[in-house]
């Protein structure tokens, strides 16, 4: 996890302990000790503790990050009590992040789990810069774009996601991302006959450095799909990208997601939004998604 | 955020509330599935798992915490899930799903069965139970970053056993005993040695030099070797390894001398073996190197963890000495005649195997490995993370929703790939295959052909190794279809015990004989066609051939257990290394033992065909391997593709 934009997540405080090695054994066998050390030094800010936030928190805490700060100004609602598994059912009305701490912490005592009630819209660049990674859920496009820009300026890795019933998306801006990848190497030609070669050779693989340059969310959302040179990309772009734009717009306006219980009125509103969104190629979004 | 009540269509919501589900397995996938079920509004779930909680589960089985180590997975999972929603009815069974208590009627009591298993035997069994009970089954598995979900419905889709699975890798006995060339050969040898010294001794796991090595036959066999009195099974006549060790009070230096010096010298006398091989070097306790020759610095870098450090041979000997001392005490603490059972998580047993494997590797000039690596290979550990399990568990519930809505036509096999495929899909849905009409499990009148030597195979071996181990029956009855209905095997205690030690030929089983085998629990009847064969490859005891037409000379030799051994390519997310459970005599075996391994079925991509390539069998040896869609971009650097993408600044949407 290196970025040129800013800091890389660096090693801290020496080696993995025996206790950590036992707990993380099955994942160290997957991604290696170095990756586990990097995870252990990563400070993560997670915005909004709905159902998706809880899933993200679970997987990060289990993986063994250094700290997870759950940020959410909202109270628990009744329907949440049954779908956000960190929230005890009797806690309706309490702050979503604060009531999640206890159960989240139980998943892994080695991770520092805390809650904050600040609305994400009040997060400053300095506050964002205290983290290595920011994960935003449940935010409108405008807020995601703002947070992404703050992260870019301070070299904080930015991840975003949301779910709407059976639809969902995730977005990543890791800036200029350098990483190592192990690639298999074909057996090296050798002059010696096979049976004389020493039998000490490892199955050949070598590690190569790769670089990815990520696109900020603002650019990803700002594509002019009517431009001539976009035609080909458009054909290859998933319908879900466009459906998500409509769904995000719906929630930004209505302050809630579309519901099965108000399906008819919501469907009409969604179609109106689809037709009003500037530059949206309507043929990519049929009427069926509103169901 | 809205609850499931606000999202699910009302018809589905009703089916969800009314459904009664059986979740088989409360491990990595099981915990995630149970959470999803409870949060999705299911009200009635039974969970079965025979396992107890281990520390190494806690990185992903999130319903468990440190204080639960040692407790029943099924019970703790249900208690934790009740915390999400106290109004659901959960029932935990701390038991094996293969136990007689869970018959066809038990399975008939469920709307759907969801598998979250970690081994092929249990998957095969639940597959048969669901076929017999006519209950739809959602099958799933993960390994590292990879995962898979599929749906099985009797008569409509392939069953779990319709396609032969790549057999778990086994090694010829003489490779293990005489001519190891890979670290895994030494590791298998070390596990066999453990069993010879402390465990349940199996004659097929002999660790001493094998004078019946096929390479030695002919005139030029080592003269010294031949001068020893050899029994017909190739073992030099002497007291058992266990007896010898006990006589010598498990004195580590004497053991060391015998195993790494005397036996190696003996092997050197079989000079034919070493004409084209590097001969092994006998070791002396006092002159072992205390540094690792040419060790790579990477493995030695994390020196604070003993597991991660490469032990030089002298340290291996020291570890061996300590481990043998402790294992001897453990064995002495048992009742007379009892034995130890090797377990990768037992400190001393694992130390013993790591030290012995490396000392043997040192003899043979094979690269040494860290205890960490040896543990992966010896224990067939499949790496596992929460995220993969969470994704697959979500897909399991999506497939369950479709089944409840009666949309079987829309059900898919879904593969989770390590990297997006050429069409930018990380999750690749594929149409469900039709049942294989020749499947020896789900066909109307299932038949299978078994090649074996009727004059050699005892009835007991037929029952234990063929019917139970290879064909996965639990308590078979077998009748010879000779016009008289001779009962060979009865599942009633003692009824046919007298037959057990007799050979098939003595019992009237000849080439072309047909046996009607029946498993009452599985409600499964299978005709076994016997083909007499005295020449089976690699000294195998028998061979299961799904369909007799495969017996053409040109056909590749099917592997013993489940079918064809696929080429072993290791990209399947696994460091999980070689070896697995086999069954032929003289074959080296270990058993799969870990969570969340990969299931295997075949596919054709979503009606549009695969990416122009033949599906490759990807084997993580030791795990049930998978056939996956060949990814055309698998071999190419993914960065290139993605860089091209970001160059054109198009949004990186990956359709799931």
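Glycine is no exception: its Cβ is also placed from the backbone N, Cα and C atoms.
The feature region 'Disordered', as given by TrEMBL for the ranges B:120-159, B:160-199, B:200-239, B:240-279, sits at B:200-239.
Per TrEMBL, the range carrying the annotation region 'Disordered' out of B:92-115, B:284-307, B:308-331, B:332-355 is B:284-307. Within the chain, the domain 'Ubiquitin-activating enzyme SCCH' (B:339-375) has long-range Cβ neighbours (under 8 A, six or more residues past its boundaries) at 54, 56, 180-183, 185-187, 189-191, 193-195, 198-201, 256, 259-260, 264, 278, 280-283, 288, 292, 295, 299, 305-311, 313, 316-317, 319-320, 322-324, 326-327, 330-331, 381, 575, 577, 593. Across the domain 'Ubiquitin-activating enzyme SCCH' (B:339-375), DSSP classifies residues as 22 helix, 0 strand, 15 coil.
For the domain 'Ubiquitin-activating enzyme SCCH' (B:339-375), the model gives a mean pLDDT of 96.
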